[in-house]
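Report on one structure; see the data block that follows.
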Amino acid sequence: MCNTNMSVSTDGAVSTSQIPASEQETLVRPKPLLLKLLKSVGAQKDTYTMKEVIFYLGQYIMTKRLYDEKQQHIVYCSNDLLGDLFGVPSFSVKEHRKIYTMIYRNLVVVSQQEPSDSGTSVSENRCHLEGGSNQKDLVQELQEEKPSSSDMVSRPSTSSRRRAVSETEENSDELPGERQRKRHKSDNISLSFDESLALCVIREICCERSSSSESTGTPSNPDLDAGVSEHSGDWLDQDSVSDQFSVEFEVESLDSEDYSLSEEGQELSDEDDEVYRVTVYQAGESDTDSFEEDPEISLADYWKCTSCNEMNPPLPPHCNRCWALRENWLPEDKGKDKGNMSEKAKLGDSMQEDEGFDVPDCKKSTVSDSRESCVEENDDKITQASLSQESEDYSQPSTSNSIIYSSQEDVKEFEREETQDKEESMESSFPLNAIEPCVICQGRPKNGCIVHGKTGHLMACFTCAKKLKKRNKPCPVCRQPIQMIVLTYFP
């Protein structure tokens, strides 16, 4: 088996390409502080392989529970011997180069002058990890490992690298039995590892080794990778999965069917372009207004219901609890005036029914006819009176003139009274909202009733209401779908 060199730079930084996987079989001697740490978790030797060092470090981290519970690849060692050893308060198992650097600072490679010590350490290592191998295998293994231990000295020259390649080719010609026995021993090493943080450390290191060996052509150790991946279990998978997550969402594009900038423009371009001034009213939850937030209304303005003793705001005429009508809601004078107005309205309606209307212009043709007939009768009377006066006596012109003037004044007074009565009757029959202009255009009167179901809202002109219906817009007041638009006439 090839054991290439391990070169350590002056500043302690070691690249992953300089540390092939075969160096895990290289024997190293930990420094006193690291040796103390390893012996605290059961190590009993002076020389170890890289596998054993990493294994005991993982056991130490697991024993002291220095890892994070949620992110188990993070190790906190600020107040521990490991922090004094590495010189950092915390580190991550995924930072392979940093781990190599910190470990190699505390290791000394076994020199070529100590073959016996290295041989005994190898035998102790095998006995410790295998536990069930016989003495014959150990003797054969010592014979195999002794010549390879002479290659552990740092050889940065090109000739040493060529020698390592030649040794690799020689070892590739070994017998299948010996190769199988060595593979069996490496499997035993993997099986002896507990499913702890040591596995996580070795797995991360092996992943880095495999990626670096593929890029630089450095030989890797597939036996260690197979052993670790075989016994890693779900404990490592959950840790790796927890660090990875994905969020799926769809970005709205301007070309999608649901969103288009020209959609509203196409709807508005069905007719001529017009500019609208819209007044928006926000409908409340109930028909009555809320007076609780009005600063101008105090508790002294509230009235008490005589039926249920409920305190009610001043404006509603009924009680909010029992719906009893408020006493003395309107003064008596206004009530009488209202009765007189209603009587006048009834008289006006009866007169209008007798006379009739010209729909849709609402012109009163019969009224003008009656006026003309009255004027003609008065003219006939005047002419008759004048003729009689002329035939009787030409000496009384003043009396005839006074009669003419008096008849003309009577006609004017009659017309004034008639127009006043009609105006009063029309004002009493008009709804209050009809006087206000259209809410949308603020120019035309409110004559387009928006009908939905058995109710309707009169808040817009007929033209604006038709546009709302054509564009499938809801009622601006109650947001119900519009069924029809009714042109409303006021007398």
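Cβ atoms here come from the backbone N, Cα and C positions, even for glycine.
Listed features, source Swiss-Prot:
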| type | residues | note |
| --- | --- | --- |
| COMPBIAS | 333-347 | compositional bias 'Basic and acidic residues' |
| COMPBIAS | 360-374 | compositional bias 'Basic and acidic residues' |
| COMPBIAS | 409-425 | compositional bias 'Basic and acidic residues' |
| REGION | 1-110 | region 'Necessary for interaction with USP2' |
| REGION | 1-21 | region 'Disordered' |
| REGION | 1-101 | region 'Sufficient to promote the mitochondrial pathway of apoptosis' |
| REGION | 142-187 | region 'Disordered' |
| REGION | 170-306 | region 'Interaction with MTBP' |
| REGION | 210-304 | region 'ARF-binding' |
| REGION | 211-237 | region 'Disordered' |
| REGION | 223-232 | region 'Interaction with USP7' |
| REGION | 242-331 | region 'Region II' |
| REGION | 276-491 | region 'Necessary for interaction with USP2' |
| REGION | 333-402 | region 'Disordered' |
| REGION | 409-428 | region 'Disordered' |
| MOTIF | 466-473 | motif 'Nucleolar localization signal' |
| ZN_FING | 299-328 | zinc finger |
| ZN_FING | 438-479 | zinc finger |
Mean of pLDDT values spanning the region 'ARF-binding' (210-304): 54
Helix, strand and coil counts within the zinc finger (438-479) (DSSP): 9 helix, 13 strand, 20 coil
Helix, strand and coil residues within the zinc finger (299-328) as assigned by DSSP: 3 helix, 6 strand, 21 coil
